[in-house]
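A.B. asks: From TrEMBL, for reference:
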- 75-99: transmembrane segment (TRANSMEM)
- 135-154: transmembrane segment (TRANSMEM)
- 182-306: domain 'Type II secretion system protein GspF' (DOMAIN)
- 292-313: transmembrane segment (TRANSMEM)
- 319-341: transmembrane segment (TRANSMEM)
- 417-435: transmembrane segment (TRANSMEM)
- 441-465: transmembrane segment (TRANSMEM)
- 484-608: domain 'Type II secretion system protein GspF' (DOMAIN)
- 587-613: transmembrane segment (TRANSMEM)
- 647-667: transmembrane segment (TRANSMEM)
- 679-699: transmembrane segment (TRANSMEM)
Amino acid sequence: MGLLNFVPLVFALCLLAPVVLSPVSTTAYRTVTRFSLQTFGTYVQDSGRRRATRSDVLQSAHVGETYRLYASKTWVYSALAAVSGSIIGVYLVGLVLSLMSVSPDSVRESLPPQFVFLAGLLSVPELSFAELFVLLSFSSATVGLLGGLLTYWLRWEMPSHYGSARARQIDASLARTVAFIYALSRSGMAFPEIMRTLARNRNVYGETAEEIAVGVKAMDLFGLDMLTAIRQMARQSPSEKFEEFGDNLAGVLQSGQGLPSYLHDQYERYQKDAKVQQEAFLELLATLAEGYVSLFVVGPLLLITILVVIGLMGTADTLAILSLMTYPFVPLGNVAFVVYLDSITESLRVSKDTRELLASNSLEVRRASDPDAGRTVSDGGIATVNEERLEVYDRFERIRSALSDPFRVVREKPVTILYATVPFALLSVLVRLAPEIGTGTVTFASADDVLVQATLFVLTTFSVVQEMKRRRIKAIEAAVPDLLDRLASVNEAGMTVAESFRRVASTDLGVLNAEMRRMRRDIEWGTDTATALQRFEHRVDTPTITRVVTLVTNAMHASGDVGRVLRIAADEAQASRRLKRRRAQEMMTYLIIIYISFFVFLLIVVALSAILMPALENLPAANAGGNVPAGGSLGGLGNIADVDFDAYRLVFFHTALMQALFSGFVAGKMGEGTVRDGAKHATAMFAIAYVVFLVLQYLL
């Protein structure tokens, strides 16, 4: 009979299962799609202002569904949420009633004398069948209605949120994309081909290139002329800047005015806008840094001090409140702050994906002698057996390459080191705690050192390889403008592109010396310049080099005179580097403030542990001559003998470690743009806090 009580709950979860599985399961997605169209497809509004507005929002967010399908799914999701919510609401009320089914006398006995008046509020009186039915019906209807309305609102609100995020990313990448278009236009490439080139490299140039790809699709798939396609992609874009750029661009192309001069003016304008936007962004980061220090460092510090003084005086037990603030509040608050930081800094992240080398076209190679090579399928195409074989080979080749040179994989992707260090750290924890686990005597206090040392090991190894990669990328980005300037000068002097690279490779380029010499050898041994450049980009593998190689290789297809293109690329790289350096200089102040705030936090916690607590511990012993009765209070300080000083020290220790860990990651996110770059700050603060408490434990 007990299991039958949960049948409605299982039914509610089964209703939600297809919705939850549809993003990862093709079968679930098709089932939900078919059911939505059959159930609500005929009721979706076909015209009207609201439909037009929502359709534009879906297009600007690049939602891969038609308005009719998305609206039908919204109704289905809302209905399922309402039905499931009404069922779950009954169980929630039942859970609350079972938890509060305590007599007022029992509640009154467990409360302090000051809070006895709450006994009636914390207990539930006996309810009749009619009252219980009304309560459950009301809760079911309320939760179901709220679930349905909230789902409906979220379904239409999320595309607007995605569109706003895309607009920020488009604005951030617009300057370098215009520089790319400007450079290719100076090389003599036709503008439709420039658009197609940019669409093929949208993984390099980000959301602006995604918008250009919309225009390319309109030309190539729907047969629109170039001007109509440009105006349409501008009208559908969520970015006002891109919409203005597209409209003006269509006007310039239609009038026959000088396109390079217009693009040059637009590039300079967007560079100035980028500087203004960065100043505003730095001011926002400064405000957030001050708010973080006040809310997550100074605030908890003051609250801890007050609660500790009250608790150590024996007037009230504040240990539970301290634990509640330390374990849930500090981690969740910091995680929420980092998530918010990530949402406002997403436009600063450079789109970077693995570029397709010329070898990637090998999937199209087919030998007539191969089995099934010429076999056709029902649609008239060619069987894909060989393609599948090559894909399997590529997957195993990547695994074999990673296993043959794991250090290279770690250098390129530092996060992969966690696949080795985290299991090793967990294994070491289990081995070292095996005796306590076997006897069942393991506690937080006994496991602290082992867990902290394992965490420190994972943090240290990751921060070392991450910092090595960061410094390598920084050195490469510093050398790129000089490289491009030299290449432009040599090419403008009359040398070919291949001769220019061979000549520049013999000069001192700092961190790029070895890779440039390898590229020179590739060219000397007969490799064409485009392939040598792509191999060079694949080895260096940084966003700046990727953009440069993409620009140069495409410009070479249009003209051998790439000197002007290289000048433009050098200016763009130098401008981006100046913006990054300016941001790093501005945020250094707040990075120092976070460090100082942490040290102040640590100093006060140590003072409470090393000065105040020992003094209070010695008070009962100093007055043991009969001046204070057993179990009594001392001078209005409360019953100090009942205070668990060791528990307070443990909470202090955990608070300092958590504050060190999260402050470090926040410092990296604010100062350098990624949480990964905060690993070194977290490692330093974490190690300092641990060493300080080890010394404190030894002295006490």
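Just so you know, glycine gets a Cβ as well, placed from its N, Cα and C.
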A.B. asks: Do any residues of this chain, six or more beyond the ends of the transmembrane segment (135-154), have a C-beta under 8 angstroms from a C-beta of it, and if so which?
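C.D. replies: Sequence-distant neighbours of the transmembrane segment (135-154): 74-75, 77-79, 81-90, 92-94, 127.
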A.B. asks: Could you check whether the transmembrane segment (441-465) and the transmembrane segment (319-341) come into contact, where contact means at least 3 Cβ pairs under 8 Å with the two residues of each pair 6 or more apart in sequence?
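C.D. replies: Checked: the transmembrane segment (441-465) vs the transmembrane segment (319-341), no contact.
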A.B. asks: Out of 75-99, 319-341, 417-435, 679-699, which stretch has the largest tally of CB pairs under 8 angstroms to the transmembrane segment (647-667)?
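C.D. replies: Against the transmembrane segment (647-667), the leading stretch is 679-699.
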A.B. asks: What residues elsewhere in the chain lie close to the transmembrane segment (679-699), defined as a C-beta under 8 angstroms and at least 6 residues from its ends?
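C.D. replies: Contacts with the transmembrane segment (679-699): 452, 455-456, 459-460, 462-463, 466-467, 591, 595, 598, 602, 606, 609-610, 653, 656-657, 659-665, 667-668.
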A.B. asks: When the domain 'Type II secretion system protein GspF' (484-608) is classified with DSSP, how many of its residues are helical, how many are strand and how many are coil?
C.D. replies: 107 helix, 0 strand, 18 coil
